[in-house]
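Data first, discussion second: the structure below is written as C-alpha coordinates.
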Amino acid sequence: MISPCFFKEKMLLLFVFLASLFLISTQETLMKNDTLSLSFPLTSLPHSPQTSPNFYSSFISQTRKTPAHKSAASSSSPYNYRSRFKYSMILLVSLPIGTPPQSQQMILDTGSQLSWIQCHKNVPRKPPPRTVFDPSLSSSFSVLPCNHPLCKPRIPDFTLPTSCDLNRLCHYSYFYADGTLAEGNLVREKITFSTSQSTPPLILGCAEDTSDDKGILGMNLGRLSFASQAKITKFSYCVPTRKVRPGFTPTGSFYLGENPNSARFQYISLLTFPQSQQMPNLDPLAHTVALQGIRIGNKKLKIPVSAFRAGPSGAGQSMIDSGSEFTYLVDEAYNKVREEVVRRVGPKLKKGYVYGGVSDMCFDGRAMEIGRLIGNMVFEFEKGVEIVIEKERVLAAVGGGVHCVGIGRSEMLGAASNIIGNFHQQNLWVEFDIANRRVGFGKADCSRSV
(Lines of atoms letter the chains of each structure in order from A and count residues from 1; the text may use other names and numbers.)
(Lines give C-alpha, C1' and ligand atoms only; values in the text may rest on other atoms or scores of the structure.)
Protein backbone atom coordinates (compact mmCIF):
# COMPACT_ATOMS: atom_id res chain seq x y z
CA MET A 1 0.00 0.00 0.00
CA ILE A 2 1.25 3.47 -0.86
CA SER A 3 1.30 5.73 2.16
CA PRO A 4 -0.54 9.10 2.24
CA CYS A 5 2.85 10.78 2.82
CA PHE A 6 3.93 9.60 -0.62
CA PHE A 7 1.03 11.47 -2.24
CA LYS A 8 1.71 14.56 -0.16
CA GLU A 9 5.37 14.56 -1.23
CA LYS A 10 4.40 14.13 -4.89
CA MET A 11 1.84 16.90 -4.70
CA LEU A 12 4.37 19.18 -3.00
CA LEU A 13 6.95 18.52 -5.72
CA LEU A 14 4.34 19.15 -8.40
CA PHE A 15 3.34 22.42 -6.73
CA VAL A 16 6.97 23.60 -6.51
CA PHE A 17 7.54 22.65 -10.16
CA LEU A 18 4.45 24.54 -11.38
CA ALA A 19 5.29 27.54 -9.20
CA SER A 20 8.79 27.71 -10.65
CA LEU A 21 7.40 27.56 -14.19
CA PHE A 22 5.04 30.42 -13.32
CA LEU A 23 7.86 32.57 -11.96
CA ILE A 24 10.07 31.90 -14.98
CA SER A 25 7.19 32.70 -17.32
CA THR A 26 6.44 35.90 -15.39
CA GLN A 27 10.06 37.05 -15.56
CA GLU A 28 10.27 36.29 -19.30
CA THR A 29 7.04 38.22 -19.88
CA LEU A 30 8.39 41.19 -17.94
CA MET A 31 11.62 41.13 -19.93
CA LYS A 32 9.57 41.54 -23.13
CA ASN A 33 6.82 43.84 -21.86
CA ASP A 34 7.18 47.57 -22.53
CA THR A 35 3.77 48.58 -21.16
CA LEU A 36 4.37 48.13 -17.43
CA SER A 37 4.81 51.19 -15.25
CA LEU A 38 5.88 51.38 -11.63
CA SER A 39 5.90 54.52 -9.50
CA PHE A 40 8.02 55.11 -6.41
CA PRO A 41 7.76 57.87 -3.80
CA LEU A 42 10.23 60.69 -4.06
CA THR A 43 13.08 61.30 -1.66
CA SER A 44 14.37 64.68 -0.53
CA LEU A 45 17.81 66.20 -0.38
CA PRO A 46 17.99 69.41 1.66
CA HIS A 47 19.50 72.36 -0.13
CA SER A 48 22.92 73.21 1.26
CA PRO A 49 25.19 76.17 0.47
CA GLN A 50 27.75 75.41 -2.22
CA THR A 51 31.19 76.89 -2.74
CA SER A 52 31.30 75.60 -6.29
CA PRO A 53 28.87 73.97 -8.72
CA ASN A 54 28.45 70.22 -8.34
CA PHE A 55 30.05 68.05 -10.99
CA TYR A 56 29.78 64.32 -10.37
CA SER A 57 30.56 63.02 -13.83
CA SER A 58 33.81 61.14 -14.07
CA PHE A 59 34.79 61.49 -17.70
CA ILE A 60 37.03 64.50 -17.11
CA SER A 61 38.88 62.95 -14.19
CA GLN A 62 42.56 63.40 -14.84
CA THR A 63 43.20 59.88 -13.57
CA ARG A 64 40.76 58.22 -15.95
CA LYS A 65 42.01 56.26 -18.92
CA THR A 66 40.10 56.45 -22.18
CA PRO A 67 37.41 53.74 -22.12
CA ALA A 68 37.70 51.19 -24.88
CA HIS A 69 34.28 49.55 -24.65
CA LYS A 70 30.90 50.72 -25.81
CA SER A 71 27.81 48.63 -25.31
CA ALA A 72 25.40 48.09 -28.17
CA ALA A 73 21.79 49.09 -27.62
CA SER A 74 19.29 46.34 -27.15
CA SER A 75 16.14 46.27 -29.26
CA SER A 76 13.67 46.52 -26.39
CA SER A 77 13.46 47.78 -22.83
CA PRO A 78 12.53 45.12 -20.27
CA TYR A 79 11.32 47.66 -17.71
CA ASN A 80 8.93 50.55 -17.74
CA TYR A 81 9.55 52.20 -14.40
CA ARG A 82 8.74 55.61 -13.04
CA SER A 83 10.30 57.25 -10.03
CA ARG A 84 10.78 60.82 -8.91
CA PHE A 85 13.62 62.92 -7.69
CA LYS A 86 13.87 66.04 -5.60
CA TYR A 87 16.06 68.78 -7.05
CA SER A 88 18.72 70.42 -4.91
CA MET A 89 21.81 71.02 -7.05
CA ILE A 90 21.86 67.31 -7.85
CA LEU A 91 19.18 65.03 -9.29
CA LEU A 92 18.36 62.43 -6.68
CA VAL A 93 16.38 59.23 -7.20
CA SER A 94 15.53 56.52 -4.72
CA LEU A 95 15.81 52.94 -5.95
CA PRO A 96 14.92 49.65 -4.23
CA ILE A 97 18.14 47.64 -3.96
CA GLY A 98 18.41 43.98 -2.90
CA THR A 99 16.07 41.20 -1.77
CA PRO A 100 14.02 42.29 0.09
CA PRO A 101 14.57 45.82 -1.26
CA GLN A 102 16.27 48.58 0.71
CA SER A 103 15.62 52.11 -0.54
CA GLN A 104 18.85 53.82 -1.57
CA GLN A 105 19.33 57.43 -2.64
CA MET A 106 21.39 57.75 -5.82
CA ILE A 107 22.52 60.72 -7.90
CA LEU A 108 21.29 60.40 -11.47
CA ASP A 109 24.39 60.81 -13.63
CA THR A 110 24.26 60.38 -17.40
CA GLY A 111 27.96 61.25 -17.59
CA SER A 112 29.46 58.32 -15.67
CA GLN A 113 29.43 54.55 -15.82
CA LEU A 114 29.78 52.72 -12.52
CA SER A 115 26.74 52.70 -10.24
CA TRP A 116 27.52 52.40 -6.56
CA ILE A 117 25.71 52.48 -3.25
CA GLN A 118 26.70 53.23 0.31
CA CYS A 119 27.19 49.95 2.17
CA HIS A 120 27.22 49.36 5.90
CA LYS A 121 30.62 48.43 7.25
CA ASN A 122 30.18 45.56 9.66
CA VAL A 123 31.19 47.01 13.02
CA PRO A 124 30.36 44.91 16.12
CA ARG A 125 27.65 46.34 18.40
CA LYS A 126 27.11 49.30 16.07
CA PRO A 127 23.79 49.38 14.20
CA PRO A 128 23.94 50.49 10.54
CA PRO A 129 22.67 53.97 9.63
CA ARG A 130 19.22 53.82 8.08
CA THR A 131 20.44 55.55 4.91
CA VAL A 132 23.01 52.95 3.90
CA PHE A 133 22.62 49.49 2.40
CA ASP A 134 23.08 46.50 4.69
CA PRO A 135 24.32 43.54 2.60
CA SER A 136 23.58 41.07 5.39
CA LEU A 137 19.85 41.68 4.92
CA SER A 138 19.78 40.82 1.21
CA SER A 139 19.58 37.25 -0.09
CA SER A 140 20.62 38.33 -3.61
CA PHE A 141 23.84 40.09 -2.58
CA SER A 142 27.22 38.62 -3.57
CA VAL A 143 30.78 39.91 -3.85
CA LEU A 144 33.18 39.71 -6.78
CA PRO A 145 36.30 37.68 -6.00
CA CYS A 146 39.78 38.63 -7.13
CA ASN A 147 39.74 36.10 -9.97
CA HIS A 148 36.77 37.80 -11.65
CA PRO A 149 37.59 39.14 -15.16
CA LEU A 150 36.79 42.70 -14.06
CA CYS A 151 39.40 42.53 -11.34
CA LYS A 152 42.39 43.05 -13.61
CA PRO A 153 44.70 46.06 -13.68
CA ARG A 154 44.10 46.90 -17.34
CA ILE A 155 40.31 47.00 -17.29
CA PRO A 156 39.47 50.42 -18.85
CA ASP A 157 36.13 50.95 -17.08
CA PHE A 158 37.54 52.51 -13.89
CA THR A 159 39.42 55.72 -13.19
CA LEU A 160 42.03 53.72 -11.26
CA PRO A 161 42.96 50.06 -11.75
CA THR A 162 40.98 47.54 -9.74
CA SER A 163 42.96 45.53 -7.21
CA CYS A 164 42.72 42.61 -4.84
CA ASP A 165 42.21 43.57 -1.19
CA LEU A 166 43.29 41.71 1.95
CA ASN A 167 40.08 39.68 1.93
CA ARG A 168 40.70 38.50 -1.64
CA LEU A 169 37.83 40.67 -2.90
CA CYS A 170 37.85 42.96 -5.93
CA HIS A 171 38.52 46.55 -4.82
CA TYR A 172 37.77 49.64 -6.93
CA SER A 173 38.56 53.35 -6.62
CA TYR A 174 36.60 55.90 -8.62
CA PHE A 175 37.53 59.57 -8.80
CA TYR A 176 35.12 62.25 -10.00
CA ALA A 177 35.88 65.68 -11.38
CA ASP A 178 34.72 67.52 -8.25
CA GLY A 179 37.20 65.61 -6.08
CA THR A 180 34.70 63.02 -4.88
CA LEU A 181 36.31 59.64 -4.22
CA ALA A 182 34.25 56.47 -4.09
CA GLU A 183 35.96 53.23 -3.22
CA GLY A 184 34.96 49.83 -1.97
CA ASN A 185 34.31 46.37 -3.36
CA LEU A 186 32.63 45.34 -6.57
CA VAL A 187 29.48 43.32 -5.87
CA ARG A 188 26.45 41.86 -7.61
CA GLU A 189 22.97 42.92 -6.56
CA LYS A 190 19.46 43.22 -7.95
CA ILE A 191 17.19 46.22 -8.29
CA THR A 192 13.86 44.90 -6.99
CA PHE A 193 10.99 46.95 -8.40
CA SER A 194 8.30 44.61 -7.08
CA THR A 195 7.83 41.02 -5.93
CA SER A 196 7.53 39.92 -9.55
CA GLN A 197 9.86 42.35 -11.31
CA SER A 198 13.56 42.85 -10.78
CA THR A 199 16.74 43.21 -12.76
CA PRO A 200 19.23 40.37 -13.01
CA PRO A 201 22.18 40.73 -10.62
CA LEU A 202 24.10 43.85 -11.67
CA ILE A 203 27.70 44.76 -10.99
CA LEU A 204 27.72 47.69 -8.55
CA GLY A 205 30.17 49.39 -6.29
CA CYS A 206 29.69 48.86 -2.58
CA ALA A 207 31.32 51.95 -1.07
CA GLU A 208 32.41 52.08 2.56
CA ASP A 209 34.69 55.10 2.50
CA THR A 210 33.59 58.04 0.37
CA SER A 211 33.59 61.83 0.52
CA ASP A 212 29.92 61.92 -0.49
CA ASP A 213 26.92 60.51 1.36
CA LYS A 214 24.85 59.42 -1.66
CA GLY A 215 25.30 56.72 -4.25
CA ILE A 216 25.62 57.21 -8.00
CA LEU A 217 23.35 55.84 -10.72
CA GLY A 218 25.66 55.70 -13.75
CA MET A 219 23.68 56.03 -16.99
CA ASN A 220 26.23 56.62 -19.76
CA LEU A 221 26.81 54.24 -22.69
CA GLY A 222 29.44 52.13 -20.92
CA ARG A 223 29.01 48.38 -20.62
CA LEU A 224 28.86 48.60 -16.80
CA SER A 225 26.34 51.43 -16.59
CA PHE A 226 22.99 50.68 -15.01
CA ALA A 227 21.23 51.20 -18.33
CA SER A 228 23.53 48.81 -20.20
CA GLN A 229 23.55 46.02 -17.61
CA ALA A 230 19.78 46.13 -17.08
CA LYS A 231 19.22 46.34 -20.85
CA ILE A 232 17.30 49.57 -20.49
CA THR A 233 17.23 51.22 -23.90
CA LYS A 234 15.10 54.23 -23.03
CA PHE A 235 14.96 56.48 -19.97
CA SER A 236 13.92 60.05 -19.27
CA TYR A 237 13.68 62.67 -16.57
CA CYS A 238 12.07 66.04 -15.94
CA VAL A 239 14.00 68.58 -13.86
CA PRO A 240 11.85 71.03 -11.83
CA THR A 241 12.77 74.66 -11.36
CA ARG A 242 14.70 75.78 -8.33
CA LYS A 243 11.96 77.99 -6.97
CA VAL A 244 11.47 76.84 -3.41
CA ARG A 245 8.96 78.20 -0.95
CA PRO A 246 8.75 77.27 2.75
CA GLY A 247 7.43 73.76 3.22
CA PHE A 248 7.61 72.89 -0.48
CA THR A 249 10.42 71.59 -2.66
CA PRO A 250 9.67 71.15 -6.37
CA THR A 251 9.88 67.56 -7.56
CA GLY A 252 10.34 65.96 -10.95
CA SER A 253 9.99 62.52 -12.49
CA PHE A 254 12.33 59.78 -13.68
CA TYR A 255 11.23 57.03 -16.06
CA LEU A 256 12.79 53.76 -17.09
CA GLY A 257 11.17 52.63 -20.32
CA GLU A 258 8.34 54.35 -22.16
CA ASN A 259 7.34 57.88 -21.19
CA PRO A 260 3.64 58.71 -21.76
CA ASN A 261 4.63 62.25 -22.74
CA SER A 262 7.04 61.29 -25.52
CA ALA A 263 4.60 61.91 -28.41
CA ARG A 264 5.34 65.64 -28.12
CA PHE A 265 9.12 65.36 -27.78
CA GLN A 266 11.48 66.73 -30.43
CA TYR A 267 14.45 64.50 -31.16
CA ILE A 268 18.04 65.01 -32.17
CA SER A 269 20.62 62.39 -33.04
CA LEU A 270 23.12 60.92 -30.62
CA LEU A 271 26.60 61.03 -32.15
CA THR A 272 28.64 57.85 -31.89
CA PHE A 273 32.32 57.14 -32.28
CA PRO A 274 34.13 53.98 -33.41
CA GLN A 275 35.55 51.94 -30.57
CA SER A 276 38.93 52.08 -32.24
CA GLN A 277 38.91 55.88 -32.31
CA GLN A 278 41.38 56.94 -29.62
CA MET A 279 41.39 60.64 -28.76
CA PRO A 280 42.84 62.02 -25.51
CA ASN A 281 39.97 64.49 -24.93
CA LEU A 282 37.08 62.34 -26.13
CA ASP A 283 34.65 60.39 -23.97
CA PRO A 284 33.13 57.83 -26.38
CA LEU A 285 30.66 56.71 -23.71
CA ALA A 286 29.03 60.13 -23.22
CA HIS A 287 25.65 61.10 -24.65
CA THR A 288 27.11 63.27 -27.40
CA VAL A 289 24.94 65.65 -29.44
CA ALA A 290 25.44 68.11 -32.30
CA LEU A 291 25.13 71.52 -30.66
CA GLN A 292 24.87 74.08 -33.50
CA GLY A 293 24.93 77.47 -31.83
CA ILE A 294 23.86 79.80 -29.01
CA ARG A 295 21.55 82.81 -29.01
CA ILE A 296 21.18 85.46 -26.33
CA GLY A 297 18.06 87.53 -26.75
CA ASN A 298 17.53 87.65 -30.49
CA LYS A 299 21.23 87.68 -31.28
CA LYS A 300 22.97 84.64 -32.72
CA LEU A 301 26.50 84.58 -31.31
CA LYS A 302 29.38 84.28 -33.78
CA ILE A 303 30.64 80.91 -32.56
CA PRO A 304 31.89 78.55 -35.27
CA VAL A 305 30.13 75.18 -35.33
CA SER A 306 33.58 73.57 -35.05
CA ALA A 307 33.73 74.78 -31.42
CA PHE A 308 30.91 72.32 -30.66
CA ARG A 309 32.38 69.31 -32.49
CA ALA A 310 35.03 66.84 -31.46
CA GLY A 311 38.24 67.73 -33.28
CA PRO A 312 41.23 65.47 -33.94
CA SER A 313 42.04 65.36 -30.21
CA GLY A 314 38.38 65.02 -29.16
CA ALA A 315 38.23 68.60 -27.87
CA GLY A 316 34.92 70.31 -28.54
CA GLN A 317 32.70 67.30 -27.91
CA SER A 318 29.19 68.40 -26.80
CA MET A 319 27.17 66.27 -24.39
CA ILE A 320 24.06 66.17 -22.19
CA ASP A 321 24.98 65.49 -18.56
CA SER A 322 22.58 65.23 -15.62
CA GLY A 323 25.46 64.91 -13.17
CA SER A 324 26.80 68.38 -13.93
CA GLU A 325 25.02 71.31 -12.32
CA PHE A 326 26.24 74.13 -14.57
CA THR A 327 26.76 74.13 -18.32
CA TYR A 328 30.40 74.29 -19.39
CA LEU A 329 31.74 75.64 -22.66
CA VAL A 330 35.15 75.58 -24.32
CA ASP A 331 36.91 78.95 -24.32
CA GLU A 332 36.00 79.79 -27.92
CA ALA A 333 32.30 79.58 -27.04
CA TYR A 334 32.49 80.84 -23.45
CA ASN A 335 34.30 84.03 -24.47
CA LYS A 336 31.58 84.91 -26.98
CA VAL A 337 28.85 84.32 -24.39
CA ARG A 338 30.67 86.47 -21.86
CA GLU A 339 31.29 89.19 -24.45
CA GLU A 340 27.54 89.45 -25.12
CA VAL A 341 26.64 89.38 -21.40
CA VAL A 342 29.14 92.18 -20.75
CA ARG A 343 27.68 94.19 -23.64
CA ARG A 344 24.22 93.93 -22.11
CA VAL A 345 24.89 94.21 -18.36
CA GLY A 346 28.63 94.87 -18.03
CA PRO A 347 28.39 97.66 -15.42
CA LYS A 348 26.48 95.33 -13.10
CA LEU A 349 29.13 92.57 -13.10
CA LYS A 350 30.66 91.69 -9.74
CA LYS A 351 34.22 92.81 -10.32
CA GLY A 352 37.02 90.32 -9.67
CA TYR A 353 34.60 87.56 -8.64
CA VAL A 354 34.89 84.04 -10.03
CA TYR A 355 32.43 81.49 -8.75
CA GLY A 356 33.94 78.08 -8.11
CA GLY A 357 36.92 78.98 -10.24
CA VAL A 358 34.84 78.46 -13.40
CA SER A 359 32.37 81.34 -13.88
CA ASP A 360 33.14 85.06 -13.93
CA MET A 361 29.68 86.22 -15.04
CA CYS A 362 28.26 87.00 -11.60
CA PHE A 363 26.23 89.83 -10.13
CA ASP A 364 25.08 91.46 -6.91
CA GLY A 365 21.62 92.88 -6.87
CA ARG A 366 18.28 92.06 -8.38
CA ALA A 367 18.49 88.84 -10.35
CA MET A 368 15.15 89.28 -12.14
CA GLU A 369 16.11 92.73 -13.40
CA ILE A 370 19.50 91.52 -14.62
CA GLY A 371 17.95 88.46 -16.21
CA ARG A 372 15.51 90.63 -18.17
CA LEU A 373 18.40 92.74 -19.41
CA ILE A 374 20.31 89.65 -20.54
CA GLY A 375 17.27 88.04 -22.19
CA ASN A 376 16.48 84.46 -23.08
CA MET A 377 19.35 82.09 -23.79
CA VAL A 378 18.91 79.42 -26.46
CA PHE A 379 20.97 76.34 -27.31
CA GLU A 380 20.40 75.43 -30.96
CA PHE A 381 20.51 71.89 -32.36
CA GLU A 382 19.74 70.18 -35.65
CA LYS A 383 16.24 70.15 -37.21
CA GLY A 384 15.37 73.44 -35.48
CA VAL A 385 15.31 71.80 -32.03
CA GLU A 386 16.14 74.22 -29.22
CA ILE A 387 16.61 74.36 -25.48
CA VAL A 388 15.25 77.73 -24.37
CA ILE A 389 16.35 79.12 -21.01
CA GLU A 390 13.91 81.89 -20.20
CA LYS A 391 15.37 85.14 -18.93
CA GLU A 392 13.91 84.53 -15.47
CA ARG A 393 16.09 81.40 -15.17
CA VAL A 394 19.33 82.62 -16.76
CA LEU A 395 20.92 83.37 -13.38
CA ALA A 396 21.66 80.87 -10.61
CA ALA A 397 21.71 81.86 -6.95
CA VAL A 398 25.10 80.83 -5.53
CA GLY A 399 24.81 82.24 -2.00
CA GLY A 400 25.42 85.54 -0.26
CA GLY A 401 23.02 87.38 -2.56
CA VAL A 402 25.22 86.62 -5.57
CA HIS A 403 23.77 85.30 -8.83
CA CYS A 404 25.75 83.91 -11.77
CA VAL A 405 25.01 82.99 -15.34
CA GLY A 406 24.87 79.19 -15.07
CA ILE A 407 27.79 78.69 -17.45
CA GLY A 408 31.43 77.98 -16.67
CA ARG A 409 34.68 77.47 -18.55
CA SER A 410 35.21 73.76 -19.16
CA GLU A 411 38.97 74.26 -19.38
CA MET A 412 38.96 75.32 -15.72
CA LEU A 413 37.69 71.81 -14.93
CA GLY A 414 40.49 70.19 -16.88
CA ALA A 415 38.07 69.34 -19.69
CA ALA A 416 37.91 70.39 -23.32
CA SER A 417 34.22 69.66 -23.81
CA ASN A 418 30.86 71.43 -24.00
CA ILE A 419 28.62 70.04 -21.27
CA ILE A 420 24.93 70.95 -20.93
CA GLY A 421 24.23 70.57 -17.22
CA ASN A 422 21.02 70.13 -15.27
CA PHE A 423 20.67 73.87 -14.54
CA HIS A 424 19.78 74.32 -18.20
CA GLN A 425 17.47 71.30 -18.23
CA GLN A 426 14.88 72.77 -15.86
CA ASN A 427 11.22 72.35 -16.86
CA LEU A 428 12.31 70.10 -19.69
CA TRP A 429 11.75 66.44 -20.41
CA VAL A 430 15.01 64.86 -21.52
CA GLU A 431 14.68 61.38 -22.99
CA PHE A 432 17.61 59.14 -23.92
CA ASP A 433 16.40 56.72 -26.58
CA ILE A 434 19.51 54.58 -26.78
CA ALA A 435 18.02 51.93 -29.07
CA ASN A 436 17.29 54.56 -31.74
CA ARG A 437 20.39 56.64 -30.93
CA ARG A 438 18.58 59.87 -30.23
CA VAL A 439 17.75 62.37 -27.46
CA GLY A 440 14.32 63.93 -27.08
CA PHE A 441 13.31 67.24 -25.48
CA GLY A 442 9.87 68.41 -24.40
CA LYS A 443 8.81 71.51 -22.48
CA ALA A 444 6.99 70.78 -19.23
CA ASP A 445 6.07 72.03 -15.81
CA CYS A 446 8.26 69.43 -14.18
CA SER A 447 6.95 70.02 -10.67
CA ARG A 448 3.64 68.69 -11.98
CA SER A 449 5.04 66.09 -14.40
CA VAL A 450 3.48 62.62 -14.57
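Including glycine, each Cβ sits where the backbone N, Cα and C put it.
Whatever TrEMBL says is automated annotation, not expert-curated.
Here TrEMBL flags Asp109 (among others) as active site.
All protein chains considered, the CB of Asp321 (active site) has 26 other CB atoms within 10 Å. Residues or ranges marked as active site by TrEMBL: Asp321 (among others).
Annotation comment: TrEMBL describes 91-442 as domain 'Peptidase A1'.
Sequence annotations record features per position, and here TrEMBL assigns signal peptide to 1-26.
Counting every protein chain shown, the number of other Cβ atoms lying within 10 Å of the Cβ of Asp109 (active site) is 28. Taking the C-alpha positions, the distance from Asp321 (active site) to Asp109 (active site) comes to 7 Å.
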